[in-house]
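These features come from TrEMBL:
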- 197-284: domain 'Wax synthase' (DOMAIN)
- 245-268: transmembrane segment (TRANSMEM)
Amino acid sequence: MNISLPPVSLADLPPAYNQLGHELVKATAFLLIPTELLYFSIYFHIKGFQKVYQTLTFLSLGAFWLSPRVAPISCGPAQCLQNFAIAIGSMKLLDIFARRHSTRAYTGGGRKPADWLLSLMILTELRYESFTPNHIRVPRNQENFNEPLQLAIHVGVFTILQSLPQNIPTILAFEVQLSIYILWTSMQLLLRYKSSPALFGPLYLADSLSGFWSETWHNAFASPCTSLAYQPLRYGLPKYGVPIWMARSLGIFGAFGLMAIFHAYALAPILSKPEITRICQFFLLNGIATVAEAACGGRRNIG
């Protein structure tokens, strides 16, 4: 018995799907412009042409933020992807600009790649795995970390939680954490270098808030959080008479605030204002709790 279905013509698709397809193609094509500008800004920075680098950085940042106006997307989830790309690209630009006076040294082993390849690596590595300084913190108990095994364990835990009642907030919160872990780790296993350390630690081994955020949870955005929020407050405020302990605490709080802004902006197309407010409260309260934990003698993982 032949149960094959006839092919679906693009003309037979609902108009909304056709519109979404056109919008995604246009938005993706436009985002290539600031991405290319970002790449060439890194390239000229490596070459030592600082004025060209600064000009391209400004143009790339402007092009990223113009993209929703030039290529708007009507579908909420697709617009979230666009917002994530804009936010990540902007943080990458500003992070590199904030560190423009401290050149990253290649430590990937073997012969140093050509400048065009180095530029591509800096563009695509969120954690700068092949360079120093980077912001990857691997505890001793994770130096021989088996990511595939841990992924299987977390998938198993997620499957068990799916069999439980889904109207319990605590279960839903753990499922959100596990789903992020599973998606990001799966991508990490596909795209990582052989020498890349684990993206996450085992969630079930977290024993403190500071340990959770600095060692267990992913550190993909540790570099911009450090250069754009923590370091300016930690090292800038003492120049104006602020005690070091207070400047350090405000730096940690500022890093959580940056992540609150990042997630609120990226998820705004699919969330209501009260939901966005709760996201901001989540990060800010975690920042306060992490600082309070350190003040009460907890672990200090951020210097």
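Indices start at 1 and increase along the chain as displayed.
Cβ coordinates are placed from backbone N, Cα and C, and glycine is handled just like the others.
Across the domain 'Wax synthase' (197-284), the prediction's mean pLDDT works out to 89.
Sorting each residue of the domain 'Wax synthase' (197-284) by its DSSP state yields 69 helix, 0 strand, 19 coil.
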